[in-house]
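Taken straight from Swiss-Prot:
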type     : residues                                                                                           : note
REGION   : 1-227                                                                                              : region 'Pyrophosphorylase'
BINDING  : 9-12, Lys23, Gln74, 79-80, 101-103, Gly138, Glu152, Asn167, Asn225, Arg331, Lys349, Tyr364, Asn375 : UDP-N-acetyl-alpha-D-glucosamine binding site
BINDING  : Asp103, Asn225                                                                                     : Mg(2+) binding site
REGION   : 228-248                                                                                            : region 'Linker'
REGION   : 249-454                                                                                            : region 'N-acetyltransferase'
ACT_SITE : His361                                                                                             : active site, proton acceptor
BINDING  : Ala378, Asn384, Tyr385, Ser403, Ala421, Arg438                                                     : acetyl-CoA binding site
Amino acid sequence: MTQLSVVILAAGKGTRMYSDLPKVLHTVAGKPMVQHVIDTAKQIDAKQIHLIYGHGGELLQQRLSSEPVNWVLQAEQLGTGHAMQQAAPFFADDENILMLYGDAPLITKETLERLIAAKPENGIALLTVELENPTGYGRIIRENGSVVAIVEQKDANAEQLKIREVNTGVMVASGASFKKWLANLNNNNAQGEYYITDVIAMANQDGYKVQAVQASEFMEVEGANNRLQLAALERFYQKTQAEKLLLAGVRLIDQARFDIRGSLTHGKDVEIDVNVIIEGEVKLGNRVRIGAGCVLKNCEIGDDVEIKPYSVIEDAVVGKAAQIGPFSRLRPGANLAEETHVGNFVEIKNAQVGKGSKVNHLTYVGDAEVGSNCNIGAGVITCNYDGANKFKTIIGNNVFVGSDSQLVAPVTIADGATIGAGATVTKDVAENELVISRVPQRHIQGWQRPTKKK
């Protein structure tokens with residue numbers, strides 16, 4: 001099987017974005033456009049990915065530092081053909097070279113596999129798309145199924161203007177062919193640039209076949225040159241992902257008000273209300289219900305869990321039949337066992353909460369272990385930080401912590417203990433002990449409230 005290398009053009013400045021950020025680093029579904037393209041290139045088993053960079057190259061390399069790409073500098077942006085010329089020295093004669101664009105993030109593995117499979121032994125496979133309104137695009141001229149020319153709008157005659165099949169710029173050819181044609185490109189045109197589309201005419205002159213393959217959807221090959229086009233790509237992507245989830249059995253209350261910025265694995269009878277955002281890798285069990293306005297990132301949610309509105313869960317695990325929210329925050333390292341309750345304005349970070357325990361109101365639990373069947377009252381704080389270091393709070397099983405208590409770590413509260421409301425606990429508590437540390441209540445007879453001065 002012929003090896004494949006991919007060239008991704010990513011040197012453009014993106015002037016119409018009106019941004020200091022390189023164009024290809026603008027995001028779709030929470031991920032830079034060029035990252036989408038790199039990920040797709042990996043899926044088709046590219047031996048090598050050559051990334052052409054220019055404007056904002058330092059930032060681009062910083063953001064993609066973990067990617068195994070060959071960085072190729074295009075110091076001057078003199079057209080698509082010029083960009084390919086910079087990568088040509090790295091091409092092996094006997095490999096296939098696939099040319100992609102860093103600002104066209106939605107191209108799919110399946111489309112690229114069809115394109116590569118269609119490449120003639122000696123020739124080019126060119127990706128095209130059919131448009132309802134092809135105005136402004138180069139028309140594909142065919143003879144006997146083979147592409148013989150790409151005619152730009154301004155050069156097309158009346159018959160050619162009726163053609164709806166247009167060029168996307170995505171193509172695949174052998175390394176030897178590309179090197180030959182790229183060496184013969186010239187910039188004798190109004191823009192003074194080197195156009196990759198000129199290789200189509202060269203291939204025909206050499207007697208090579210140019211095979212066109214049509215993309216099934218225009219948005220798959222659409223690029224983003226401005227914020228409006230970027231927003232259109234985002235909406236198309238979200239619509240596509242929502243439709244996949246609906247067809248897989250997830251109930252989305254309103255598919256137009258749901259965003260996924262990663263991957264979602266789910267069980268049966270999952271229900272997701274409006275304005276929910278999924279980020280990173282999220283796993284939902286069976287019969288999970290997610291209320292409006294929740295954000296879930298890199299988390300695992302067990303069967304029969306209810307997440308009430310406006311809760312945020314990040315890098316956390318929630319056990320079966322738990323109830324979360326509304327307005328709860330689970331931070332990285334939160335691990336909730338089965339049948340736990342976490343209520344409104346509760347924050348849990350780097351803590352384990354045992355089966356059946358309840359943390360229902362206005363509470364912070366951080367760097368802690370909470371046993372099973374505990375009740376943590378409203379306003380309880382685990383004081384885990386002394387300004388320099390963090391310390392752990394350990395709470396056993398069947399512990400009751402009264403409202404407005406402070407547990408100053410490091411501290412251990414053993415099984416069955418009761419902490420009276422308003423206590424400040426600085427020492428370990430033994431099993432079944434009651435701790436009270438409040439000022440004795442005073443009664444002042446005949447007290448008169450102050451009155452306002454007139």
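Glycine is no exception: its Cβ is also placed from the backbone N, Cα and C atoms.
A map of Swiss-Prot features onto the structure.
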| residue | record | Cβ neighbours (10 Å) |
| --- | --- | --- |
| Leu9 | UDP-N-acetyl-alpha-D-glucosamine binding site | 29 |
| Gly79 | UDP-N-acetyl-alpha-D-glucosamine binding site | 21 |
| Gly102 | UDP-N-acetyl-alpha-D-glucosamine binding site | 26 |
| Asn225 | Mg(2+) binding site | 15 |
| Arg331 | UDP-N-acetyl-alpha-D-glucosamine binding site | 16 |
| His361 | active site, proton acceptor | 16 |
| Ala378 | acetyl-CoA binding site | 18 |
| Asn384 | acetyl-CoA binding site | 22 |
| Ala421 | acetyl-CoA binding site | 15 |
| Arg438 | acetyl-CoA binding site | 13 |
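Largest Cα to Cα distance within the recorded acetyl-CoA binders Ala378, Asn384, Tyr385, Ser403, Ala421, Arg438: about 23 Å as a whole number.
Taking the C-alpha atom of the residue listed as 'active site, proton acceptor' as reference, the shortest distance to any of the binding-site residues Asn225, Asn384, Ser403, Ala421, Arg438 belongs to Ser403. For the region 'Linker' (228-248), the DSSP-based tally of helix, strand and coil residues reads 20 helix, 0 strand, 1 coil. Between the C-alpha atoms of Asp103 (Mg(2+) binding site) and Ala421 (acetyl-CoA binding site), the distance comes to 59 Å.
The average pLDDT computed for the region 'N-acetyltransferase' (249-454) is 98.
Looking only at the binding-site residues Asn225, Arg331, Asn375, the one with its C-alpha closest to Tyr385 (acetyl-CoA binding site) is Arg331.
Between Gly12 (UDP-N-acetyl-alpha-D-glucosamine binding site) and Ala378 (acetyl-CoA binding site), the C-alpha separation comes to 55 Å. Residue environment of Tyr385 (acetyl-CoA binding site) contains 12 other Cβ atoms, counted within 10 Å of its Cβ in all protein chains. For Asn225 (Mg(2+) binding site), the nearest of the binding-site residues Leu9, Gly102, Glu152, Ala378, Arg438 in terms of C-alpha separation is Gly102. Candidate binding-site residues: Leu9, Gly79, Gly102, Glu152, Asn375. Nearest to Arg438 (acetyl-CoA binding site) by Cα distance: Asn375.
Annotation for Ser403 (acetyl-CoA binding site): spatial neighbours Gly377, Ala378, Gly379, Val380, Ala421, Gly422, criterion Cβ-Cβ under 8 Å with sequence separation of six or more. A separation of roughly 67 Å, to the nearest angstrom, links the Cα atoms of Glu152 (UDP-N-acetyl-alpha-D-glucosamine binding site) and Asn384 (acetyl-CoA binding site).
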